[in-house]
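These notes are about the structure you will find just below.
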Number of protein chains: 2
Amino acid sequence: MTTVETDESFGGVTPDAARRLLLGAVQAFAERGFHATTTRDIAGRAGMSPAALYIHYKTKEELLFHISRVGHERSVAVLTEAAQGTATTGAAEGAGGAARGTAREGGAGGSAPRLARAVRAFVRWHAEHHTTARVVQYELAALDAEHYEYIVALRRRSEEILRGVLEDGVATGEFDIADIRGTALAVMSLCIDVARWFSPEGRRTPDEIGALYADLALRMAGHTA
Amino acid sequence: MTTVETDESFGGVTPDAARRLLLGAVQAFAERGFHATTTRDIAGRAGMSPAALYIHYKTKEELLFHISRVGHERSVAVLTEAAQGTATTGAAEGAGGAARGTAREGGAGGSAPRLARAVRAFVRWHAEHHTTARVVQYELAALDAEHYEYIVALRRRSEEILRGVLEDGVATGEFDIADIRGTALAVMSLCIDVARWFSPEGRRTPDEIGALYADLALRMAGHTA
DNA sequence: GTCTATAACAAGATAGAC
DNA sequence: GTCTATCTTGTTATAGAC
């Protein structure tokens, strides 16, 4: 519980040494930031000499990119799954988009429970994986141009998913929102910032925060229970 | 308008060279982060040699502390002033605290307009001074222990002010909030994160974002117009 | 108060033995 | 695949002339 986040996100990475380096880098980057972290520190945490790092990753930046990529993919996956119900945003899916806009209210597929589930899951992820999330959210500037573009594309996906839920809810009359895009950004922003301030020593569990934030998001969306 | 933020926050700093260094440091820290910024870069932006920096500041960290301190003081002042009405939070003021809790609704001193004003002003500040705000909010970890404590104390002030407004509103029945502390933190978090994503090139002005966020905060507070 | 020059050191990354 | 040793570069901060 108060354990220092083992982070199963990188469980599939092989060989073993590469995974240990990734884990060490996540912790170091989260604690000190990318630029303040030395390759010696990372290698040390992985129980290796500085030189061994370069067998698995070409540069320190590549290590950061790897973390960012996996982290973003996980959080997008969590959000996507939780936001499922009637339909997600257009571009993200091939078939099944026809159901979008069907004025069906309430039920597991209703926009309100979809929004609540999405926010709760997204917030939970950011709290539970706050170490990874911090790196993922606040060290983007250290990526090189090409890698940065790749990550930004993933981030757009998250925004679109959330915006899709809000749009659906407005269409079905469940939500009352004047500025859908602005509200979607605000909700995203609220969730993301959890990574900045969350501490396992704090007085709330990730799920409690998720539940609170789901309620706040529904209020922001003008959902009248 | 699209000007690169002249930042009048540091207008009073003398001598002139010290102010130019502060301004250069803010820009550099915001663009690249504290650790990735070199003293050569800062001095260069101020039109000086690297050595000249050390006449005005003992270390690079001292420069960061100065920025953080002034920035936090400004944002707390902005929030305090905007949140004024009936009363602010207890500790913050000596006399006048007696009015707190007076079940008076509506008007300029009502909790709803106070919350709206506070959020709008706080958000505006974070957008307009996004360069300074970014440094102030995201480079705290680079401060040494003593300076860090000093800044954290200032931050607590902001939280207390906002929480005070929510408490007053619940007391007067203007707001409907189950978890006041959590909601206050969420509203703060929402405002602060503006510094991360705001861009002068974006489609909204600082005041427009402030207005949107004021509305969102009222919704989060369960304010029923 | 500012400069040029430099001390003192730490960083990322590589070479070559094992 | 990992190590020790090292190259190369760039960093903070200081010394001493002007």
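Numbering starts at 1 and runs along the chain as displayed.
Cβ atoms are placed via backbone N, Cα and C, with glycine included.
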- DNA-binding region range according to TrEMBL, out of B:18-37, B:38-57, B:118-137, B:158-177: B:38-57
- Item | Residue counts (helix, strand, coil, in that order) that DSSP gives for the domain 'HTH tetR-type' (B:15-75) | 47 helix, 0 strand, 14 coil
- Message: Checking distant contacts: for the DNA-binding region (B:38-57), what same-chain residues at least six beyond its ends satisfy Cβ-Cβ under 8 A?
- Response: 15, 17-18, 20-21, 23-25, 27-28, 32, 63, 66
- Query: Can you tell me the mean pLDDT for the domain 'HTH tetR-type' (B:15-75)?
  - Reply: 96
